[in-house]
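**Student:** I have a structure I would like to understand better, so I am pasting it below and will then ask my questions one at a time.
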Amino acid sequence: MKVCKFGGTSVASAEQVKKVAAIVQSDEQRRFVVVSAPGKRDSADIKVTDLLIDLANAVIAGEEIEDKIQAVVKRYEENAQGLGLDREISDIIEADLRTRCEQAIKVSPEYVLDSLKASGEDNNAKMIAMYFNSIGIEARYVSPKEGLVVNEPPARTMALSEAYNNLSSLKDSNEIIVFPGFFGYTAQGVLRTFDRGGSDITGAILAAAVGADIYENFTDVDCVFSANPKVVNNPAEITEITYREMRELSYAGFSVFHDEALMPVFKLKIPVNIKNTNNPASPGTRIVSESTINRRPVTGISADAGFSILYVSKYLMNREIGFGRKLLQILEEENISYEHTPSGLDDISVIIRSHQVDPEKEQRIVKRVYDELHADDVHFRHGFSMIVVVGEGMNNNTGLAARAATAISRTGANIEMINQGSSEVSLSFGVKQQFEDAILKALYEEFFQPVNV
Ligand code: ASP
């Protein structure tokens, strides 16, 4: 049994939805179809989710919304027409949008955003189920209301454990289930969306709930590449990658698959297959619990900008019990999550995502660390990128760190932070943002270009 998730570009137009239907029809194991909202049809296009966010912001600001509603409806109308569906479906979608606009504003601005964003996938799933039936595929739209229970705000949206139980009975359905991605409902019945790209998460939850043999994630590329193809020319294709490797790569920039989506499938060791809707014959990339093939030590290299470093030094820090905890507690109280904490005897750096701080917050943190921890030096530095070299084979290979550092030195960049110790599958470097691309190319050349399998 297979759960298949189709991303935004896979359901962007009538032509794409027809490909989805053909993929589903070509394999009777494909019993569950999770869909995104219609995405971009070409690079200049706007995703329906973004149109809906625009609409939600106008509703919240009390601005004119007519054009914005029409912009969304038009996308569905065009698809409905191309699929030979009755015009009535776009009237239903329009009415649904108006109801959401009117009712959600009575609840809260956050709810307006959630409700409208979710309508993108919800209406698309209804329409695709209708299309499937119209061409003879027995299908049924199922709402996340039927069991995808999520936590209460303000914590980030996550499925609760009972969601898996609730959804498990869907495996006995005789019809193909068409399920909208991206949202669930709290125990009180309030709709909440996952983070952007969250339909991957819905697909994984469903795959785990029904005990799928495989979770197929259809997108618009043949596979995951070993480095960003926008920076590195023709990077090697990854045919197989472990969950741990994928997690490390998607942490720093690999956006093909949402990192949170690995959690539900990881526990049950359900393999994930990234595939291309536009080229379904290509085997794609398999994400598995343990690698089955012999590979080179480095599987992929990722890079992501937007990191800041909080540097703290205090003489004899290493002897002070509780220093690290108190420092991290200050960050916790400021609602900041941290990524790495490389430390020396008398100093510690806390690496965080820059978007979490503003100048006011920074000042407050610096002052508190001076006042409460009596540090000698406390300051923030900004504009860093993290470069992560990932591979299950790295631990058993001598000299990899030296090779990586030498390759980086060739670009003239200074390594501001290096972190290997705790992770068995990755080696991360903090560098000034302006060197990011040059370093990615240099590392790729070092580990992939000469034959060093
Ligand atoms: N449509 C949502 C987004 O654009 C969720 C998804 O496609 O996964 O983020």
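Placement of Cβ uses the backbone N, Cα and C atoms for every residue, glycine included.
The annotation ATP binding site is assigned in TrEMBL to LYS5, PHE6, GLY7, GLY8, THR219, ASP220. Taken from TrEMBL, the feature substrate binding site applies to THR49, GLU121. According to TrEMBL, the feature domain 'ACT' maps to 389-453.
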**Student:** According to DSSP, which kind of secondary structure is PHE6 (ATP binding site) found in, if we only use helix, strand and coil?
**Tutor:** strand
**Student:** Among residues LYS5, PHE6, GLY7, GLY8, THR219, ASP220 annotated as binding ATP, what is the maximum Cα-Cα distance? Answer in Å.
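**Tutor:** Spelled out: the longest distance between any two Cα atoms in LYS5, PHE6, GLY7, GLY8, THR219, ASP220 is 12 Å.
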**Student:** Near the ATP site, what residues other than LYS5, PHE6, GLY7, GLY8, THR219, ASP220 in the same chain have a C-beta no further than 8 Å from the centroid of the listed C-beta atoms?
**Tutor:** THR9, SER10, VAL11, SER36, GLY39, SER199, ASN217, PHE218, THR277
**Student:** With respect to ligand 1, which members of the binding-site residues LYS5, PHE6, GLY8, THR49, THR219, ASP220 satisfy a Cβ distance under 6 angstroms to one of its atoms?
**Tutor:** GLY8, THR49
**Student:** Using a Cβ-Cβ cut-off under 8 angstroms and a sequence gap of six or more, which residues of the chain neighbour THR219 (ATP binding site)?
**Tutor:** GLY7, THR9, SER10, VAL256, ILE274, LYS275, ASN276, THR277
**Student:** Could you tell me the C-alpha distance between THR49 (substrate binding site) and LYS5 (ATP binding site) in angstrom, no decimals?
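**Tutor:** Here the two Cα atoms lie 17 Å apart.
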**Student:** Among all protein chains shown, how many Cβ atoms are found within 10 Å of the Cβ of ASP220 (ATP binding site), not counting that one?
**Tutor:** 17
**Student:** Hey, what's the Cβ neighbour count for THR49 (substrate binding site) at 10 Å?
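**Tutor:** I get 25 for this one.
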**Student:** Measuring Cα to Cα, how far is ASP220 (ATP binding site) from GLU121 (substrate binding site) in Å?
**Tutor:** 18
**Student:** Rounded to a whole angstrom, what is the C-alpha distance between LYS5 (ATP binding site) and GLU121 (substrate binding site)?
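**Tutor:** Distance between the two Cα atoms comes out at 12 Å.
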**Student:** Could you give the Cα-Cα distance between PHE6 (ATP binding site) and GLU121 (substrate binding site), in whole Å?
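**Tutor:** Rounded to a whole number, the Cα-Cα distance is 11 Å.
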**Student:** Just how many other Cβ atoms lie inside 10 Å of the Cβ on PHE6 (ATP binding site)?
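**Tutor:** Counting Cβ neighbours of PHE6 (ATP binding site) within 10 Å gives 29.
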**Student:** Which one, from the binding-site residues LYS5, GLY8, GLU121, has the smallest tally of other C-beta atoms lying within 10 Å of its C-beta?
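**Tutor:** Each of the binding-site residues LYS5, GLY8, GLU121 was scored by Cβ atoms within 10 Å; lowest is GLY8.
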**Student:** DSSP three-state call for THR219 (ATP binding site): helix, strand or coil?
**Tutor:** strand
